[in-house]
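According to Swiss-Prot, the protein carries these features:
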type	residues	note
DOMAIN	35-142	domain 'Ig-like V-type 1'
DOMAIN	155-262	domain 'Ig-like V-type 2'
DOMAIN	275-382	domain 'Ig-like V-type 3'
DOMAIN	393-500	domain 'Ig-like V-type 4'
DOMAIN	509-616	domain 'Ig-like V-type 5'
DOMAIN	631-695	domain 'Ig-like C2-type'
CARBOHYD	N73	N-linked glycosylation site
CARBOHYD	N103	N-linked glycosylation site
CARBOHYD	N110	N-linked glycosylation site
CARBOHYD	N133	N-linked glycosylation site
CARBOHYD	N224	N-linked glycosylation site
CARBOHYD	N231	N-linked glycosylation site
CARBOHYD	N327	N-linked glycosylation site
CARBOHYD	N351	N-linked glycosylation site
CARBOHYD	N381	N-linked glycosylation site
CARBOHYD	N462	N-linked glycosylation site
CARBOHYD	N561	N-linked glycosylation site
CARBOHYD	N585	N-linked glycosylation site
SIGNAL	1-34	signal peptide
Amino acid sequence: MELSSVLPCKRCTPWRGLLLTASLLTCWLLPTTAQVSIESLPPQVVEGENVLLHVDNLPENLIAFVWYKGLTNMSLGVALYSLTYNVTVTGPVHSGRETLYSNGSLWIQNVTQKDTGFYTLRTISNHGEIVSNTSLHLHVYFSTLTCGRAATSAQLSIESVPTSISKGESALLLAHNLPENLRAIFWYKGAIVFKDLEVARYVIGTNSSVPGPAHSGRETMYSNGSLLLQNVTRNDAGFYTLKTLSTDLKTEIAYVQLQVDTCFMSYAGPPTSAQLTVESAPTSVAEGASVLLLVHNLPENLRAIFWYKGVILFKDLEVARYVIGTNSSVLGPAHSGRETMYSNGSLLLQNVTRNDAGFYTLRTLSTDLKAKVVHVQLQVNTSSCCDPLTPALLTIDPVPRHAAKGESVLLQVRNLPEDLRMFIWFKSVYTSQIFKIAEYSRAINYVFRGPAHSGRETVYTNGSLLLQDATEKDTGLYTLQIIYRNFKIETAHVQVSVHTCVHPSTTGQLVIESVPPNVVEGGDVLLLVHNMPENLQSFSWYKGVAIVNRHEISRNIIASNRSTLGPAHSGRETIYSNGSLLLHNATEEDNGLYTLWTVNRHSETQGIHVHIHIYKPVAQPFIRVTESSVRVKSSVVLTCLSADTGTSIQWLFNNQNLRLTQRMSLSQTKCQLSIDPVRREDAGEYRCEVSNPVSSKTSLPVSLDVIIE
């Protein structure tokens with residue numbers, strides 16, 4: 001009969017019985033030395049975030065391990081895990097937000113200031129001996145969003161923690177916003193969902209994980225969808241794909257890139273087989289700045305090099321190609337005029353916009369017609385930061401900006417008001433009942449489907465709308481209507497573009513293109529019309545979406561080639577015979593929707609809308625610092641303040657992009673930079689750059705002096 005290592009205790013809860021055993025063992029036995037280590041992932045955690053206290057080198061032949069809050073007080077137990085019975089027993093200070101894993105790690109969700117403090121892991125052997133006591137101090141930072149409101153998102157996403165690791169270390173691919181009502185979760189090595197590339201799957205019904213063909217024995221999959229990779233090698237670098245399958249058989253997919261730092265290889269000798277890789281320099285770029293997609297280890301004997309926007313090798317998504325034989329580059333359909341391709345394969349993007357964010361694919365073709373493909377993700381910092389007195393504007397961003405047929409599109413809502421009664425999504429610029437997709441009531445926390453709901457839309461409580469399996473018919477303008485508690489109404493519009501790999505001119509579909517897509521105040525914008533219908537009797541332009549006389553800009557009669565100016569004509573509009581409209585000297589008042597209305601000879605009508613985005617050049621920001629002279633090991637906070645909204649923030653140190661260390665942290669809106677603790681090398685000049693899609697400005701320098709005691 002097996003002898004229990006837990007002392008009997010009448011009228012004790014399971015936790016107290018286990019606690020009594022552990023307490024007595026503390027008196028009887030001295031802990032032995034064990035190389036158990038605990039790492040906080042991420043190293044800095046802000047209120048409301050999640051943190052994993054990741055355990056390495058957990059001893060073998062254990063009967064149990066216990067986590068408790070503090071250094072010595074065993075009564076502050078969080079949870080105990082029995083390896084014998086594979087069961088978790090929660091302790092007195094368990095808040096309901098902690099999850100204990102069989103590898104010893106502790107997961108804390110939605111952390112608060114009360115979670116700050118020491119955490120201790122104690123391991124107990126099969127003989128009842130204490131094997132190790134290991135402690136870690138967790139510091140939860142106050143949310144520093146006073147300079148701007150963070151955008152919320154219900155989109156499935158993955159965070160690599162840490163963002164870049166060295167060979168032999170561990171990485172956690174942390175899943176955020178996992179959908180509800182899941183059937184299974186899958187991880188794949190690469191950017192393609194293919195059975196042979198499956199690392200592991202987690203089946204909700206059986207609460208178990210199953211390794212796949214691509215499992216190396218070093219991956220651990222958790223019930224929250226996260227994937228832990230231990231003892232990573234440079235072969236682990238690259239893209240990983242997370243796929244979720246819900247009970248209604250709907251799927252969602254998210255990608256993450258694992259970066260393995262192999263710089264030490266130069267000291268140990270070159271690798272036996274150089275791997276083709278692409279590096280984004282810098283890793284995150286502000287709008288208006290430039291970024292280089294730097295290619296490493298380009299193969300020899302090449303015939304051509306190709307760059308594509310996205311992860312799919314479609315001709316319409318080709319940015320540029322470089323032909324080795326002619327030593328020349330050829331521009332592709334997806335070239336925006338801001339890309340420069342070099343003979344070493346690298347691609348330079350200038351004046352980056354939020355539309356440039358996403359994946360890019362490099363394809364090489366050798367003289368023996370062998371191809372290699374590698375992906376890189378471009379991260380564009382579009383976080384807004386503004387003066388705390390400036391209200392945050394309700395905005396909607398389509399993610400991705402241009403979707404391929406069959407992909408999913410998230411209409412991501414930012415700055416949803418708190419005091420709302422309900423919100424409604426419409427598949428049109430008109431807020432009519434027949435165009436209603438769904439209505440969300442905050443009072444009862446319920447979504448009502450409307451007549452325009454196709455069965456592919458999912459509405460989230462943060463206002464965002466997910467459109468799955470997009471088709472050509474989903475292209476167009478969508479309207480979000482907000483109804484406040486005082487019954488005030490606010491609306492916002494967003495354009496959804498679904499690529500069908502066919503140019504609009506071949507479809508005969510009437511479309512309008514804004515040239516340029518983002519307009520600086522005082523500049524000109526052309527609303528360029530494609531595929532104007534034949535046999536027209538007349539066409540009219542309106543400011544807004546309502547076809548009423550007071551909003552009419554101009555009416556053109558085809559037969560008489562005569563134009564009539566309407567009440568909404570400002571004197572700055574020019575109408576061309578092909579239907580296009582040129583707006584001179586644009587102002588902020590010109591921002592918004594415009595409607596082209598056509599009537600043919602059979603009195604059949606057609607209307608189409610376009611949105612003009614007009615931006616003011618940003619004003620120069622300034623930096624506020626808590627102290628300009630600080631002592632070593634103290635802390636300092638720098639805040640970038642701007643009078644503009646809808647801007648991106650980039651921090652500069654000594655005229656170079658600031659490289660964040662583990663001692664530095666940014667607020668979610670990038671407005672505040674915290675350094676804790678301060679070191680001597682932090683002394684120097686700090687600047688912040690504020691940018692929007694049409695301009696950027698840099699603050700005057702602020703000098704930080706570090707006093708060495």
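Using the three backbone atoms N, Cα and C, a Cβ is placed for every residue, glycine included.
Sequence features annotated in Swiss-Prot and their locations in the structure.
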{"residue": "N73", "record": "N-linked glycosylation site", "DSSP (3 states)": "coil"}
{"residue": "N103", "record": "N-linked glycosylation site", "DSSP (3 states)": "coil"}
{"residue": "N110", "record": "N-linked glycosylation site", "DSSP (3 states)": "coil"}
{"residue": "N133", "record": "N-linked glycosylation site", "DSSP (3 states)": "strand"}
{"residue": "N224", "record": "N-linked glycosylation site", "DSSP (3 states)": "coil"}
{"residue": "N231", "record": "N-linked glycosylation site", "DSSP (3 states)": "coil"}
{"residue": "N327", "record": "N-linked glycosylation site", "DSSP (3 states)": "coil"}
{"residue": "N351", "record": "N-linked glycosylation site", "DSSP (3 states)": "coil"}
{"residue": "N462", "record": "N-linked glycosylation site", "DSSP (3 states)": "coil"}
{"residue": "N561", "record": "N-linked glycosylation site", "DSSP (3 states)": "coil"}
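Note on proximity: of the glycosylation sites N73, N231, N327, N351, N585, the one nearest N103 (N-linked glycosylation site) is N231, by Cα distance. For the domain 'Ig-like V-type 3' (275-382), the partner stretch with the most Cβ pairs below 8 Å, chosen from 35-142, 393-500, 631-695, is 631-695. Nearest Cα neighbour of N224 (N-linked glycosylation site) among the listed glycosylation sites (N110, N133, N327, N561): N110.
DSSP assigns N585 (N-linked glycosylation site) to coil in the three-state reduction, outside any helix or strand. Helix first, then strand, then coil: DSSP counts for the domain 'Ig-like V-type 1' (35-142) stand at 3 helix, 57 strand, 48 coil. Note: the Cα of N327 (N-linked glycosylation site) and the Cα of N133 (N-linked glycosylation site) are spaced 64 Å from each other. If you measure from the Cα atom of N110 (N-linked glycosylation site) to that of N462 (N-linked glycosylation site), you get 17 Å.
Here the domain 'Ig-like C2-type' (631-695) is broken down by DSSP into helix, strand and coil counts: 3 helix, 32 strand, 30 coil.
Confidence for the domain 'Ig-like V-type 1' (35-142), expressed as mean pLDDT, is 85. Least crowded of the glycosylation sites (N110, N224, N231, N462, N561), judged by neighbouring Cβ atoms within 10 Å of its own Cβ: N561. Ranking the glycosylation sites N231, N351, N561 by Cα distance from N585 (N-linked glycosylation site) puts N351 first. If you compare Cα positions, N462 (N-linked glycosylation site) sits closest to N351 out of the glycosylation sites N73, N231, N351, N561. For N231 (N-linked glycosylation site), the nearest of the glycosylation sites by C-alpha distance turns out to be N133; the candidates were N73, N133, N351, N561.
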